[in-house]
Amino acid sequence: MGLPNAEEVKAFLMQLQANICAGLERLDGQASFATDSWQRAEGGGGISRVLTDGAVFEQAGVNFSHVMGASMPASATAHRPELAGRSFEAMGVSLVIHPKNPYIPTTHANVRFFIARKEGADPVWWFGGGFDLTPYYPFESDVKEWHQSAKDLCAPFGNEVYPKYKEWCDKYFFLPHRGETRGVGGLFFDDLNHWEFDKCFDYMQAVGNGFLTAYAPIVERRKDTAYGERERDFQLYRRGRYVEFNLVYDRGTLFGLQTGGRTESILMSMPPLVRWQYAYSPEAGTPEAELYERFLKPQDWLAD
């Protein structure tokens, strides 16, 4: 069966952060990550690692956090009354990568574990996470490869896992006020505890370890593509959607800001440069128009 082992999860997460940072440094070939360790007065802390102004990545942030408290914040117990009066531990790795070249997609990934304890009662625990891709220029082969990687890592856990978490990702990363998805999706899962602990932990590890396997080939393929001012302007405009989603809809961002989380780490996902343009509409027949017409809506990318 396997009892929840928070220390084992923490060790994996810290190693995952190190592995992903090393992999991104190899891909960039120029810049390295700066490390910022921090403590939380209420308990716990984290390690924020940020790469800026690299050859490939304009900014990449990879954050590890492990926070704890004697009681759950009211915002967390509102829809989970069984957590009231329990101490808690929450830990995770989250990352957002903003490349320089507009032909490389922006990406986000996150894996996390939560456990709440109470004397004389079984612990309440769950895993969450996923990864998603936000291209600026449409390459269907990249998107298919991304989703194939996601499907492959899900396969050992059951045929229903990929379609379930792929659909959840499409629904979660959606901007209602724009009527479009933030990108082309991937995987999103939360409240994962319906398998025994060891299997749930194995799945979280598969998602965490599978992220670079899915992303690195796309970076390698696109990083030397020539681009000009037009592509850069469109990239900066589309980055605005990232800001809109994270500040208006993202549960993790809102929870962190509402519960006194570390602002610098929470807002590490923001792109370093972004632009808005009133009533922008892409010119018909352009790659920019194709992104809007074909890519920013949920679909089965692996259909024959």
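Note that Cβ sites are derived from N, Cα and C of the backbone, with glycine treated the same way.
Every protein chain considered, the tally of other Cβ atoms within 10 Å of the Cβ of HIS108 (active site, proton donor) stands at 23. Annotation note: HIS108 (active site, proton donor) sits in a strand segment as assigned by DSSP. Taken from Swiss-Prot, the feature active site, proton donor applies to HIS108.
According to Swiss-Prot, the substrate binding site annotation covers SER94, ASN110, VAL111, ARG112, GLY260, GLY261, ARG262, on the basis of sequence analysis. According to DSSP, GLY260 (substrate binding site) is assigned to coil rather than to any helix or strand. Here the Cβ of GLY260 (substrate binding site) has 11 other Cβ atoms within 10 Å, regardless of which shown protein chain they belong to.
Under the heading divalent metal cation binding site, Swiss-Prot lists HIS98, HIS108, HIS147, HIS177. DSSP assigns HIS147 (divalent metal cation binding site) to a helix in the three-state reduction.
Taken from Swiss-Prot, the feature region 'Important for dimerization' covers 242-277, and the record attributes it to sequence analysis.
Summarising the annotation, Swiss-Prot assigns site 'Important for dimerization' to HIS177 and lists sequence analysis as the type of evidence. Neighbour density for HIS177 (divalent metal cation binding site): within 10 A of its CB lie 9 other CB atoms from the protein chains shown.
For the region 'Important for dimerization' (242-277), the model's pLDDT averages out at 90. For SER94 (substrate binding site), the nearest of the recorded positions by C-alpha distance turns out to be HIS108; the candidates were HIS108, HIS147, HIS177. Under the three-state DSSP scheme, HIS177 (divalent metal cation binding site) falls in the coil class. Here the Cβ of ARG262 (substrate binding site) has 19 other Cβ atoms within 10 Å, regardless of which shown protein chain they belong to. Using Cα positions, the member of the recorded positions HIS98, HIS108, HIS147, HIS177 nearest to GLY261 (substrate binding site) is identified as HIS108.
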